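Database features (TrEMBL):
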type     : residues               : note
BINDING  : N104, H109, E114       : oxalate binding site
BINDING  : H107, H109, E114, H155 : Mn(2+) binding site
DISULFID : C30-C45                : disulfide bond
DOMAIN   : 59-209                 : domain 'Cupin type-1'
SIGNAL   : 1-20                   : signal peptide
Amino acid sequence: MASAMLIVVLLAMASSVVLASDPSPLQDFCVADKASPVLVNGFVCKNPMDVNAEDFFFSGLNMPGNTNNRLGSNVTAVDVKKIAGLNTLGISLARIDFAPYGLNPPHTHSRATEVLTVIEGSLLVGFVTSNPQNRLIFKVLNAGDVFVFPEGLIHFQFNRGHKNAVAIAGLSSQNPGVITVANAVFGSNPKIDESVLAKAFQVDKKVIDYLQSQFWMDNNN
């Protein structure tokens, strides 16, 4: 059942290219030439005569990701870095695995809207609107449910169940980008001045020192 649902999800995302936020292609394809020293917005096109099926292929999305970490989650991204043929097509996807009570923490994709489909298990998901409302919009999803996270808004997914959960996410960019809020704020390199964060969060500097030390170790191990 799960494998059949996965096929349906992938086909649906493949048909959503017209909704992508990246610039539209001007030819059949523009396979990324990652060896080129030329810097452009995206990647330079590989010679079409050198393109083959491997440029449009990725294998392994059926394999569970390793959730043995503090958050109990793992994201397997399939973007232009994994499939060179995604260059200029404005779409990518990801598999997200959750251990029981695993969390994909609050984060944002600065270049993409996300469409999430739960394949197995149950997830509490939500996003927060921009200032000044900062309204939390959330829902509990079960297998087969779909939820949309608008481009640029902070969002999360949390497995509240006793069993593993799996979701597939489609994103409207070949390279959506991801900013995990806690990592960016407390794990930046160099560190944000503790006085800035203490005032922003209205907590003692000792709390900021502790959080920065924890995230600094995580980000630099």
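Cβ atoms here come from the backbone N, Cα and C positions, even for glycine.
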Within the predicted model, mean pLDDT of the domain 'Cupin type-1' (59-209): 97
For C45 (disulfide bond), the one of N104, E114, H155 that lies nearest, given that the binding-site residues are compared by Cα: E114
N104 (oxalate binding site) and C30 (disulfide bond), distance between Cα atoms, whole Å: 32
CB within-chain contacts under 8 A for H155 (Mn(2+) binding site), separation at least 6: P106, H107, T108, E114, V125, G126, F127, V128, F149
For H109 (oxalate binding site), nearby residues of its own chain (Cβ under 8 Å, 6 or more apart in sequence): F149, E151, G152, L171, S173, P176, G177, V178
For N104 (oxalate binding site), the number of other Cβ atoms found within 10 Å of its own Cβ: 26
